[in-house]
Amino acid sequence: MKAMILAAGRGERMRPLTDTTPKPLLDVAGKPLIGWHLCRLKQAGFTEIVINHAWLGRQIEDALGDGSAYGVNIAYSPEPAGGLETAGGIAQALPLLGGQPFLVVNGDVLTDIDFTAAFQTASSLPEHISAHLWLVENPPHNPDGDFSLLPDSSVRPEVNGGNGLTFSGVGIYRPEMFDGIEAGSVAKLAPVLRGEMRQNRVSGQKHTGLWLDVGTVCRLKEAQALAGAWK
């Protein structure tokens with residue numbers, strides 16, 4: 001089974017750190033941020049990893065190589081300057097991801113989401129489900145949330161009455177979900193997901209453990225403290 005780590009972002013809110021270093025390679029407790037994902041994916045049984053990149057992508061390839069240092073095999077999906085957004089990046093990488101459900105992880109989060117359980121979920125994804133998402137409590141920078149999670153584990157696009165949760169950036173997808181996106185085109189993920197939700201094709205679960213969106217310098221410092229204690 002394959003997993004994809006999204007690593008094509010410019011990291012504007014991290015400047016000037018990201019002017020010379022791509023965000024996935026920023027140090028978090030002695031290890032590049034993306035390295036935490038690679039280690040945990042390997043432990044969970046994901047050994048075929050696809051990584052997309054745009055900004056300073058050559059540095060990512062030079063640092064991670066073929067993945068052997070982490071015990072995995074890495075294939076890269078380069079994108080043009082500016083990137084293709086999340087859905088566009090996944091669509092471009094489909095030839096590397098194969099025909100089975102795959103896991104996608106945002107490269108700029110620090111989390112202890114159970115990737116072993118994710119492996120099992122991907123292996124047994126019901127035929128009528130095209131995506132399975134991990135949702136978390138809303139952080140201060142996203143107080144209203146993104147989607148709502150119903151008692152039957154279905155995920156809905158409407159957020160009403162304070163029932164919203166935040167998408168963690170970790171999800172399992174069927175490749176067919178991206179068939180309508182032409183390779184090389186720019187496309188956001190949220191509209192694709194909302195379309196699938198309206199057809200009752202998205203399930204999810206709430207994660208209550210460690211999750212941090214490492215999107216600012218302040219949160220990078222928080223990640224360094226968390227990861228230092230975590231390891």
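Using the three backbone atoms N, Cα and C, a Cβ is placed for every residue, glycine included.
Here's what Swiss-Prot has on this protein:
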BINDING   Gly11, Glu12, Arg13, Lys23  UTP binding site
BINDING   Asn106, Asp146, Asp213  substrate binding site
BINDING   Asp108, Asp213  Mg(2+) binding site
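Here the features listed in Swiss-Prot are placed on the structure.
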residue : record                 : DSSP (3 states)
Gly11   : UTP binding site       : coil
Lys23   : UTP binding site       : helix
Asn106  : substrate binding site : strand
Asp146  : substrate binding site : coil
Asp213  : substrate binding site : strand
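Excluding Asn106, Asp146, Asp213, which define the substrate site, the same chain contributes Val109, Asn142, Thr166, Phe167, Ser168, Gly169 within 8 Å (Cβ to the Cβ centroid), listed in sequence order. Across the structure, Asp146 (substrate binding site) and Glu12 (UTP binding site) are spaced 22 Å apart at their Cα atoms. Apart from Gly11, Glu12, Arg13, Lys23, the UTP site neighbourhood in this chain, defined by C-beta within 8 angstroms of the site C-beta centre, holds Gly9, Arg10, Met14, Arg15, Thr18, Asp108, Gly215. Same-chain residues at least 6 positions away in sequence with a Cβ under 8 Å from that of Lys23 (UTP binding site) are, in sequence order, Ala7, Gly9, Gly11, Met14, Leu17, Leu33, Gly107, Asp108, Val214. For the binding-site residues Gly11, Asn106, Asp108, the ranking by surrounding Cβ atoms (within 10 Å, all protein chains) places Asp108 first. Taken over all pairs of the listed UTP-binding residues (Gly11, Glu12, Arg13, Lys23), the Cα spread reaches a maximum of 10 Å, rounded to the nearest whole number. Taking CA atoms as the reference points, Asp213 (substrate binding site) and Arg13 (UTP binding site) are 12 Å apart. Within 10 Å of its Cβ, the residue among the binding-site residues Glu12, Asp146, Asp213 with the fewest other Cβ atoms is Glu12.
Spanning the residues Asn106, Asp146, Asp213 that the record associates with binding substrate, the maximal Cα-Cα distance equals 16 Å.
Long-range Cβ contacts of Arg13 (UTP binding site) within its own chain (separation 6+, distance under 8 Å): Gly215, Thr216, Val217.
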